[in-house]
């Protein structure tokens, strides 16, 4: 259907877009911090204080780096190498999904709290932090969409038989 060069270009564009979105998500989350005075006490909110947000940064940074490193591999690799790359991409996609889910759950707690557990919402006090986390989650969602498009395209173009 498409020439080998056209397939390669589409794969590279999808991979670079996914890597870029992952890098943006990681940087936005890493920049998430805010300080306010509440009842005379200084309160800080930083992504480092929540393990799931740290996981989100690490996962997106790893996906971004791995996606760019893969571009250095010659496109004329063996079918076995292509299949191994596909398996690695699937694993990284699952890590991305887990990181987004964990960070999203923490963002929900930050926004609405949990009345059953007695946890108060913090976004009223530290809106800048919550806005940056929300922006990082949007970028993380875009990363997953792009990454899964890349995966589907890789599966579609991978030869079925040895």
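Just so you know, glycine gets a Cβ as well, placed from its N, Cα and C.
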Discussion item. Is it the case that residue 79 shares a side of the membrane with residue 4, at least as far as the topological domain names in Swiss-Prot go?
Written reply: yes
Worksheet item: What mean pLDDT score does the topological domain 'Cytoplasmic' (1-7) have in the model?
Response: 74
Practice prompt. Using a Cβ-Cβ cut-off of under 8 Å, list the residues of the same chain that are 6+ residues beyond the ends of the transmembrane segment (136-156) and lie near it.
Written response: 10-11, 14-15, 17-18, 21-22, 24-26, 28-29, 32, 56, 60, 63, 82, 85-86, 89-90, 92-93, 96-97, 99-100, 103-104, 107
